[in-house]
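Scroll down for the structure; my scribbles are underneath it.
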Amino acid sequence: MAAPLALVLVVAVTVRAALFRSSLAEFISERVEVVSPLSSWKRVVEGLSLLDLGVSPYAGAVFHETPLIIYLFHFLIDYAELVFMITDALTAIALYFAIQDFNKVLFKKQKLLLELDQYAPDVAELIRTPMEMRYIPLKVALFYLLNPYTVLSCVAKSTCAINNTLIAFFILTTIKGSAFLSAIFLALATYQSLYPLTLFVPGLLYLLQRQYIPVKMKSKAFWIFSWEYAMMYVGSLVVIVCLSFFLLSSWDFIPAVYGFMEHPIFFMFIQIAIIAIFKSYPTVGDVALYMAFFPVWNHLYRFLRNIFVLTCIIIVCSLLFPVLWHLWIYAGSANSNFFYAITLTFNVGQILLISDYFYAFLRREYYLTHGLYLTAKDGTEAMLVLK
């Protein structure tokens, strides 16, 4: 699988390099769908200029990036395009190996449940096979690297891409079972944006499963491990924040940057989607991260109810974003309500899409234990209603 992944990486880098050299790069970097005041490359450049002049970037109210990002690009400003291409490549590679390991764990768990007769006898068609799961990691990398949202974020040099990389490595280290590295990457992601804090619980649940520690309040091992993981996470976060203080000799960055169970990986996927939908100043780069996980749940497609309609809504909204923005800002033939309406429709479409995946997941889990063909007491076909 190394050769197909390398080919996808080459194609993705070529597409990005071509767009960086085209006249579209500047246009894309100005798009409000792609960058926000929190992730704009122009804000980073402005912060670097202020830093070079000996002025704190956080003295005003226009710069919201973290100190570590400023100092990273202080040394790599001339290689910014390369940095963002490498960032996207690292995200895809991390997701590839994370899903590869996750599929192995999932298959072993499924095999064990089959041996213990935990599944209903008529659900053979719902059981996932190694051949079916073989190409899922490659599809995930493909979905991320060649997703137009990801490409646009990279070409615009949105710092959202860096946050996606940190979350991807958090997922990889969590699935690998490394509590220490998982805590560090989650701390780094939280440092960049407070929203990944909500990933603490699914990460902890997965690590508990890896350690075969029961999630029980009366279990001593559960509390010990939870405390250790929490301390590693908080400790890493404190070290990162203190490092930022030593770089700037000031705490000014804090208000400027932060003013504003059983299936923990699926829980993590849902949580990343919720963050992308409800965060302040969302961009298409946030959407691209959770969309990369769609191939992981391809076994749910048969249970999705509105996938075609919702896909059409998301595609049409994506095409209408620049049109309505132009009509509002440049042509003057529309007002802000037009653009607001299309962003609202886009978010409603995302909410319904994630709700559909949640429904499909619960429905499949129910069928696995109760049987695919349900019958009522009188022998007639029963209807499953989830409440």
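Placed from the backbone N, Cα and C atoms, the Cβ positions cover glycine too.
For 1-17, the entry in TrEMBL reads signal peptide. The transmembrane segment feature in TrEMBL is assigned to 68-99, 166-187, 193-209, 230-251, 263-282, 303-325, 337-359.
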Spatial neighbours of the transmembrane segment (68-99) far in sequence, C-beta under 8 Å, 6+ residues away: 5, 8-9, 12-13, 16-17, 20, 41, 44-45, 47-48, 51, 57, 136-138, 140-141, 144-145, 150, 154, 157, 159, 161-162, 164-165, 168-169, 171-172, 175-176, 191-192, 240, 243-244, 247, 289, 292-293, 296
Within the same chain, where does the transmembrane segment (193-209) have neighbours whose Cβ lies under 8 angstroms from its own Cβ atoms, ignoring anything closer than 6 residues to its ends? I mean 6 or more beyond. 38, 163, 166-167, 170, 174-175, 177, 179, 182, 186, 215, 222, 225-226, 229-230, 233, 258, 261, 264-265, 267-268, 271-272, 274-275, 279
Stretch winning on C-beta pairs under 8 A with the transmembrane segment (337-359) (pool: 166-187, 230-251, 263-282) is 263-282
Long-range Cβ neighbours of the transmembrane segment (166-187) (under 8 Å; 6 or more residues past either end): 90-91, 94-95, 97-98, 101-102, 105, 196, 199-200, 203, 206-207, 210-211, 225, 228-229, 232-237, 240, 265, 268, 272, 289
When you scan the chain for residues with a C-beta under 8 Å from the transmembrane segment (230-251), skipping those not six or more beyond its ends, what do you find? 56, 58, 66-68, 71, 179-180, 183-184, 186-188, 190-191, 200, 204
